[in-house]
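Visitor: Pasting in a structure now, in C-alpha cells, and then I'll have a few things to ask.
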C-alpha cells in the first residue's frame, strides 16, 4: 500500500464577533500555490477581491453561512461545530486545519493560532469567508441603509451603535449579542 499524504484543508471563519450579519466559514484545498496569500484582515479590499477570484479558480472549497437568527438560536460554538462538520463532509479525505485554538468538539481537526497568516490554505479560507460575508453585508446595506453596513460590515463601531440607538435592531441583527445602552436599563 502506498503512503499517500492527504491534502490539507484550511478552514477559517469571518463574522464571529459582529452585532449583525452571518457567520461565514470556508474550507479550502489548494490545487496549486497562490502568491500573496495572507490573513484577509491584512489585505486591502481590492487585493482580497482579486485573490478571492484566484482562489475560486485554483482550489476545491466549501463555504457555509449561518444567519444572525441561527447564531442566536444555536450559539456561536454550535454554529462553528456544524460548520466544521459541513466542511469535512464536503471536502472529504483531508487533513483539516482550523484557525484558532478550539475544534469545538469536532474530531480530526487540528488547530493553530494565527494559521490564517501562516498557512496558505487557511489564508485562502480566510479570504473566501471574509469576501463572502462582506459582499452579503454590502447587499444588506441596500435593504437597511440607515445602519451603514457597507462601512462597518456589522461590527460594533461607534456609528453602528448610534444607528442601533436611533433605529433599534433590524432583521439581521443578532439579538443574543448585547449592546451597552440598548439592552441594559438606564437611570434616565
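Cβ coordinates come from backbone N, Cα and C, glycine included.
Keep in mind the model is a prediction, meaning the values are calculated, not measured.
Annotated divalent metal cation binding site per Swiss-Prot: 12, 13, 99, in sequence order. Among the features that Swiss-Prot reports, domain 'RNase H type-2' is placed at 6-188, with the record citing sequence analysis.
Explain the structural surroundings of these features, please.
Guide: Contacts of residue 99 (divalent metal cation binding site) defined by a Cβ separation under 8 A and a same-chain sequence distance of 6+ are given as 10, 11, 12, 13, 111, 112, 113, 114, 115, 116, 122, 125, 126, in order along the sequence.
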Visitor: For divalent metal cation, what surrounds 12, 13, 99 with a Cβ no more than 8 Å from their Cβ centroid?
Guide: 11, 14, 25, 26, 98, 100, 115, 116, 122, 125, 126, 129
Visitor: Quick check: in three-state DSSP terms, what is residue 99 (divalent metal cation binding site)?
Guide: strand
